Amino acid sequence: MRRAVTILGSTGSIGLSTLDVLSRHPEQYEVYALAANRSVDSLFKQCLTFEPRYAVLLDNEAAEQLQAAVKQAGLATEVLSGEAALEQVAADSAVDTVVAAIVGAAGLLPTLAAARAGKRILLANKEALVMSGALFMHEVEQHGAILLPVDSEHNAIWQCMPVAETQRYHFADKGIRRIILTASGGPFRDSDLSELEHMTPAQAVAHPNWSMGQKISVDSATMMNKGLEVIEAHWLFGLPSAQIEVILHRQSIIHSMVDYDDGSVLAQMGNPDMRTPIANTLAWPERIDSGVEPLDLVKAGQLDFMAADFERFPCLALAYRALEIGGTATAILNAANEIAVEAFLQEKIKFTQIAVIIESVMNELPVSKADNLTQILADDAAARVLATDYVNRLCSR
Ligand code: NAD
Ligand code: MG
C-alpha cells in the first residue's frame, strides 16, 4: 500500500525537496495533504501537480483565493485554513507520514499533533525540539510515533548509530564517547570580525554550500543554527551537552560523526543536498533514489576541519548555555532569536545585534520548568515581547 504523506510547509525549501523526492516514487507515496502559510500561487501549482486530498493555508484570505482557484481548475482538493486545520491534516487517520517542515515555533503544535496521533514524523522543524524537547519526546514515546531526523547532521548521526537501537532515542549507554556535529561556518566564516556588524541580509542569506529558507540561512551565518542543532541532538539522542561537539568542516561533505569508546569514528557523507536525508527518512529502513548526484570524492579533493570559534559565533555559546540552564531557557533562546532574525532581515538591527538581543533576553527573563505546554508558550511569548522591546530601542537610536 502507498504511504499517505502530509507535508507541513510544502512551499518552503524542505517542502519542495520533499515533493521532488516523492515525485520520483509515485508507486510508493501518495501526497495526502499540503500545508503552508500564505503562498497561494505555489500551493496552487502543487495542487495541480499532486492533487492532494487537502490543501491548507494558515491565512484565511489566502485560503479563500486558493479555494477559488482550485474550484475553477476542477480539482477535488479540499481547501482548509487556520491552525486547527494544520493539526487536523497532521493527525488525520488516513495519514501515515508527516513531514514537519514549517519554519520556527509555528511548527510546534501541528508537529505535536502528529506525535500524539502516533505518526511517522520526518522532523525538519528543529525549533519544536528546542522549545519543548522533553515534552515532545515524551509524547513521541507515549503514542508510539516514529521520529526520524531530516536535519542533515542528525540524519547523519542517526545513520551512524547502532542499528537495533534507532527507535529508542536513548544512546547514553551505547559506548558513545561523543557525537560531532559538522558546521560549514556559513558565509562569514572567513570575514574579518570587524566587518561582521556591517553584513547585510543579502550577504547573510548567501550560504556557500546549502540553499535554504531565509530564517535558517541567517541562523547559519550566526551559527545559531548549529546551536539549535546541539539542543536538537541532545533530545534526539539522549546525550548531555558535554558529549555534543561542534567542528567546522567547510565542504559540508561529512554531515556529522559518532565517536565510539573503542576509537571508531563513523561518519555519513554525501553531497550537500537535503533530498538525501529526506529520502533516507521517507524510506527508512529501506533506501530509495533521491535524485542526488553521486558523491565524487576525487573532485572534492580535500576535507578540512577547524575548531568552532565562539568569539566569531557568540550565538553558538548562547545555545550551549541555554541547554545547560535547561527548563524553558531554550524556548526563550529560540523565541528571542526568531524576533532578532526577523528584525535583521527587515534591516532594523545590525547582524551583530542578533546575539546581543538574545543574550539580553536570556539574562532578563526568569526560566521556568518546561514540563507543560502552557508554560513553554508563555515563556516563548514573554521572550518575544522583550526581544521586540530591545529591537525597538535599538532602532530608535
Ligand atoms: P522556508 O522558509 O523555505 O519554508 C517554510 C515553510 O513553512 C513554507 O512552506 C511556509 O509557507 C511555511 N510556514 C511558515 N510559517 C507558517 C505558519 N505559521 N503556518 C504554516 N506554515 C508556515 O524554510 P525551510 O528552509 O524549508 O526550513 C523549514 C524547517 O526545516 C526549519 O525549521 C529549518 O530549520 C528546517 N531545516 C531546513 C533545512 C534546509 O535545508 N532548508 C535543513 C535543515 C532543517
Ligand atoms: Mg542542519
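Numbering starts at 1 and runs along the chain as displayed.
Note that Cβ sites are derived from N, Cα and C of the backbone, with glycine treated the same way.
According to TrEMBL, Asp151, Glu153 bind Mn(2+); the candidate from Glu78, Glu83, Glu229 that the record adds to this site is Glu229. NADPH is bound by Thr11, Gly12, Ser13, Ile14, Arg38, Asn125, Glu127 in TrEMBL, and the record lists one more residue there from Gly185, Gly186, Gly213, which is Gly213. What TrEMBL records for the 1-deoxy-D-xylulose 5-phosphate site is Lys126, Ser152, Glu153, Ser184, Ser220, Asn225, Lys226, Glu229, and among His138, His143, His207 the residue it adds there is His207. The separation of Asp151 (Mn(2+) binding site) from Ile14 (NADPH binding site), Cα to Cα, is 10 Å.
Among the binding-site residues Asn125, Lys126, Glu127, Glu229, the ones whose Cα sits within 10 Å of the Cα of Asp151 (Mn(2+) binding site) are Asn125, Lys126, Glu229, in sequence order. Applying an 8 A CB threshold to same-chain residues 6+ apart, the list for His207 (1-deoxy-D-xylulose 5-phosphate binding site) reads Ser184, Gly186, Pro187, Ser217, Ser220, Ala221. Not a single one of the binding-site residues among Arg38, Glu153, Glu229 has a C-beta coming within less than 6 Å of an atom of ligand 1.
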